[in-house]
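Q: This is the structure, below, for whatever I ask next.
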C-alpha cells in the first residue's frame with residue numbers, strides 16, 4: 001500500500017493532508033450527481049417511466065422485466081420499481097470490487113477513477129432520454145465501480161499505518177464531502193425536475209460530473225503513488241495465514257454492518273414512495289419536492305459531524321472513547337428511530353388520510369445522523385485492519401456491503417403493499433435493533449481476535 005505523509009512545508013486542510021481536500025471535493029461533485037439522480041429515480045419509475053405508454057419506449061425493457069420476473073416472481077409496478085431500484089443500488093456498490101482489482105493490478109487508482117468519471121458522465125446524460133434508461137443505469141454501475149473504492153482507499157493511503165486518530169478524522173472529512181454533494185444534489189435536481197421536468201434534473205447530474213473530473217485532475221500530484229502492482233520494481237509481500245484470517249474477520253464485520261445499512265437503503269426506496277403517496281406536502285410556499293427529504297438526510301449527516309467529533313474527543317480525553325463497533329451499534333439505534341418515525345406517520349395517515357410533514361422530517365434526520373455513526377467507522381476500520389497487500393480491494397469490499405443492502409432492501413420492498421406502511425416500517429426498526437445487538441454481543445470477541453492476529457504479525461515481521 002503506497003502512502004504519502006505530509007511534510008512540514010506541505011499544505012494541509014483542517015490539519016490533514018491537502019490530498020484529503022481534493023478527494024473530498026471530487027466525491028462531493030460525484031455524489032451531487034449520484035444522489036441528485038438517485039433522489040429522482042424511484043419516483044421517476046413509479047410515476048413515469050414504468051407506466052403503460054412509457055415503459056414500451058425503453059430499449060431492452062421486455063428482456064429485463066422477463067429476467068426480473070424469473071428471479072423474483074411476479075411483481076406489482078411498485079414492487080418492480082423498488083426491485084429495480086434495489087438492483088441498481090446494489091450493483092453500483094458491487095462493481096467497486098472489480099474496480100479495486102483493476103486499479104491494483106493494471107491501471108492504478110488515478111487512471112481508474114478518471115475512467116469511472118467518464119462512464120458516470122455518459123450514464124447521467126443518458127438518463128435524460130426514455131430509450132436509454134436501462135443503458136444509463138448500466139453505465140452508472142460500471143462508472144461507480146471504477147471510481148468508488150479507489151477514491152476511498154486513496155484517503156487511507158495519505159496516512160502512516162499507525163496514525164489511527166488522523167486517519168479517522170480524514171475519513172470524517174471525506175464523508176462530509178460526500179454529504180455536501182448528497183445534500184445539494186437532490187435539492188437542486190429535485191427542484192429542477194418539479195419545475196422543468198424529469199429530464200432537466202437528470203441532465204444537470206451529468207454536467208456536474210465534469211466538475212468532479214476537473215477537481216480530481218487538479219489534486220493529482222497530492223495523491224499517493226498508485227503504480228499498478230505488476231509494474232512496481234519491489235517484490236510483493238506474500239499473504240500469510242494470519243493475514244487471511246484478518247481478511248475473513250474484516251469481511252464478517254462488513255456483513256454485520258449490512259443489517260443496519262439496509263435500513264438506510266430502504267429510506268431511499270420505500271421511504272420516498274411513502275412520502276410521495278401519504279404525506280401532505282403542501283406548505284404556504286407550495287408543495288415540497290419529495291427529493292428534498294433526501295437532501296435533509298444528507299444535511300443531517302453534515303450537522304451531526306461536529307457534534308460527534310466533539311463527543312468522541314471529549315470521551316477520548318477521559319480514556320472512554322467508544323470502539324468502532326460500539327459506534328456502529330449506536331447507529332443501529334438511530335436508524336431504528338428513523339423507521340419508527342415513518343411508522344408514526346403511517347399510523348397518522350391511516351387515521352386522517354395524510355401524514356404531517358413532521359414525521360418524514362424526523363425520519364430523514366435520524367437516517368442521516370445514523371449514517372455518520374456507522375459508515376465512517378466501517379471505512380476507517382477496514383482501511384486500518386485490512387492487510388496492505390489487499391487494502392484497496394478490501395476498501396472496495398466495504399461498498400460490497402451496500403450491494404447486499406440494496407438487493408435485500410429491494411426484495412423486502414415487495415411487502416410494503418401487502419403489509420401496510422406501519423407494519424412494514426416497524427419490522428424494519430426491529431431489523432436495525434437486531435444489527436445493534438450483533439455488534440454489542442460479538443464486537444468484543446472480534447476485536448480481541450483481530451488484536452491477537454495483528455500482534456502475531458508484528459512478532460513475525
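Keep in mind that glycine also has a Cβ here, set from the backbone N, Cα and C atoms.
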Q: Given 244-264, 265-285, which one carries TrEMBL's transmembrane segment label?
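A: Result: 244-264 is the stretch TrEMBL calls transmembrane segment.
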Q: Can you identify, from 119-142, 143-166, the stretch that TrEMBL calls transmembrane segment?
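A: When 119-142, 143-166 are checked in TrEMBL, transmembrane segment belongs to 119-142.
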Q: Pick from 62-80, 328-346: which range has transmembrane segment per TrEMBL?
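A: The range carrying the transmembrane segment annotation in TrEMBL is 328-346.
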Q: Report the listed stretch (171-193, 200-224, 298-316, 419-446) having the maximum count of Cβ pairs within less than 8 Å of the transmembrane segment (244-264).
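A: Ranked by Cβ pairs under 8 Å, first place goes to 419-446.
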Q: So what's the average pLDDT for the domain 'Major facilitator superfamily (MFS) profile' (41-447)?
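A: It averages 88.
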Q: Which of 200-224, 298-316, 328-346, 358-378, 390-413 has the most Cβ pairs closer than 8 Å to the transmembrane segment (119-142)?
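A: It is 200-224, which has the most Cβ pairs under 8 Å.
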